[in-house]
Ligand SMILES: CC(=O)SCCNC(=O)CCNC(=O)[C@H](O)C(C)(C)COP(=O)(O)OP(=O)(O)OC[C@H]1O[C@@H](n2cnc3c(N)ncnc32)[C@H](O)[C@@H]1OP(=O)(O)O
Ligand SMILES: O=C([O-])CC(=O)C(=O)O
């Protein structure tokens with residue numbers, strides 16, 4: 001950036017770091033206390049004592065459901081889990097090497113015109129809530145059945161009595177999951193559900209701020225979540241842990257990585273400089289899972305990386321780091337880690353899209369132009 005630009009725009013912040021870009025009452029990140037609340041409730045309480053469904057209801061409706069509201073919401077999600085055959089036909093037509101993030105992004109695109117509220121105005125609050133419920137209900141079905149399709153297996157019919165985590169695991173594997181797997185996946189879905197103006201949620205808000213619809217916002221969000229600096233980090237983190245392989249390799253690996261200025265995936269966060277509280281919680285869950293399964297080496301590798309990163313760089317793991325080896329211990333396919341994140345985060349996307357549309361102002365920031373000016377046009381034949 002040139003000196004003139006710095007003088008002209010003293011408040012310019014690359015990557016919009018620290019720039020307030022809107023008002024929201026959905027979640028509060030307290031960087032100093034490393035805490036996260038969804039609509040005033042600590043995420044730890046929701047992950048430990050609640051469920052993903054309660055969390056999704058809280059995010060889109062603004063309050064914790066009563067027992068009757070939760071029962072109705074669960075019934076509604078169960079009834080809405082199935083997706084039109086056209087979605088599966090489109091997924092089956094994608095090349096075999098397609099990343100499942102591209103499959104789930106495409107699946108939501110195909111789904112949009114099938115929504116009974118497709119033609120409702122984008123600012124119709126009640127229609128948007130109904131769309132949000134369908135978007136949340138169908139995410140796991142599309143991720144799991146997309147996984148079946150790419151393996152040459154037929155999609156399975158969702159069981160309407162299943163929760164979001166159960167639906168995902170049952171469709172993916174064709175059998176009922178065990179209680180521990182369900183508990184860990186459900187907690188991770190709760191922790192992944194929402195995180196303020198992160199890149200993908202912000203991108204979703206930008207999209208709907210043009211008065212575009214919720215599905216377009218979700219598709220934008222998924223495309224933005226895919227990158228390894230954001231949601232894609234959970235896949236990269238486990239690949240790194242597997243490359244390290246054994247705890248006795250970890251110290252030399254991290255020493256070398258830091259010496260060669262490698263980015264350590266699953267570490268660092270734009271908002272948390274003292275640690276991500278979700279990572280503390282998820283690490284505990286992942287390590288307990290390792291002990292239960294008799295596979296403690298990933299937790300040991302994690303300890304060495306965490307200690308070295310804290311001592312030498314003052315950088316701490318984000319939620320993607322422990323989620324990555326928890327998911328590995330659960331036997332989930334690595335390239336589904338970010339799509340599973342999507343199946344959860346759509347609740348946050350929808351809550352933000354609705355909030356944006358309820359109080360809309362087009363999001364259109366200013367650029368700083370540093371290119372050439374006033375050049376004389378030369379006809380192509382003379383260049
Ligand atoms: C769900 C989520 O999306 S959580 C985030 C998931 N992403 C990752 O895990 C990818 C790895 N992490 C990162 O790339 C970064 O920490 C980000 C993108 C998440 C946050 O980045 P920013 O807030 O822009 O921090 P920034 O990149 O400016 O880092 C500050 C310093 O810490 C270093 N740093 C930050 N993260 C890491 C990391 N993971 N490994 C090594 N060094 C790091 C940077 O190199 C930089 O050092 P420098 O000042 O010497 O240049
Ligand atoms: O907030 C961010 O920058 C990234 C994110 O989505 C999260 O940590 O859950």
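Each Cβ is built from the backbone N, Cα and C atoms, and glycine gets one as well.
Caution: TrEMBL annotation is automatic and unverified by curators.
Listed in TrEMBL for this protein:
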type	residues	note
ACT_SITE	269	active site
ACT_SITE	320	active site
*In sequence order, what residues of the same chain, 6+ apart, have a Cβ less than 8 Å from the Cβ of residue 320 (active site)?*
231, 233, 234, 237, 265, 266
*Sort out the sequence-distant neighbours of residue 269 (active site) for me: same chain, 6+ apart, CB within less than 8 Å of its CB, listed by position.*
276, 316, 318
